[in-house]
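As recorded in Swiss-Prot:
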| type | residues | note |
| --- | --- | --- |
| SITE | 8 | site 'Transition state stabilizer' |
| BINDING | 40, 41, 62, 153 | substrate binding site |
| SITE | 212 | site 'Transition state stabilizer' |
């Protein structure tokens, strides 16, 4: 068991996770060293509404002034993270929840002043993750990062891709509520960058699948070798540890 695998679970999926999901994580842990990264968008939006703070986004990123950052940190590092940790442990999967600010795990580069405390991963302190895994814990990471003495919000896709690239992970798995990319009703088991562009142009990929594949493409650019888009409400792992869904790779360069 030498290869790492990073599992990214968006905030909209956290309340849909069932026993099947946790059994899949058990199967993955038998073959790989597992790291989980989670989001928390719906919970953050709800808490901001409770606090009478407007929810604003630009180009898919949450505009995060200081008062929003305080709420983001509270939700991601608090209730959301610990709920997932407790669900894992309920299924006999030992987990440790932490955020990217713990041990300077996720160091970031700010995106722009206009959107506030939002950053993209620039460095990952992998020794912390490896230490937890060597003690047989599953690290459960909230996507908060640091720059100097300031805490920043990180898009969970970017956080997961940064961690996967830094660990040299075998695979980054995006947990969704669909089986993968479908073409004429059939699952596309393997695809690459150029074919995805064609799928979008021809309308094979539409709606909510577009941001999922865009996240996969962005992960490839960050150095991740293989991304799988799977349905977290079903059994998405073979006994071999391979994922059932759509696998995205860079493809072959003819340059």
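The backbone N, Cα and C atoms fix where each Cβ goes, glycine too.
Here the structure is a predicted model, which means the values were calculated and not measured.
Projection of Swiss-Prot feature records onto the structure.
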residue	record	contacts (Cβ under 8 Å, 6+ apart)
8	site 'Transition state stabilizer'	36, 37, 38, 39, 156, 157, 160, 172, 173, 174, 175
40	substrate binding site	11, 14, 72, 75, 76, 80, 142, 156
41	substrate binding site	10, 11, 12, 62
153	substrate binding site	62, 64, 69, 72, 117, 118, 119, 143, 144
212	site 'Transition state stabilizer'	174, 176, 229
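For the substrate site, whose annotated binding residues are 40, 41, 62, 153, the maximal Cα to Cα separation is 12 Å.
Excluding the listed site residues 40, 41, 62, 153, the same chain places 11, 39, 44, 72, 75, 76, 143, 155, 156 with Cβ atoms within 8 Å of the centre of the substrate site Cβ atoms. Around residue 62 (substrate binding site), a 10 Å sphere centred on its CB holds 21 further CB atoms from the protein chains shown.
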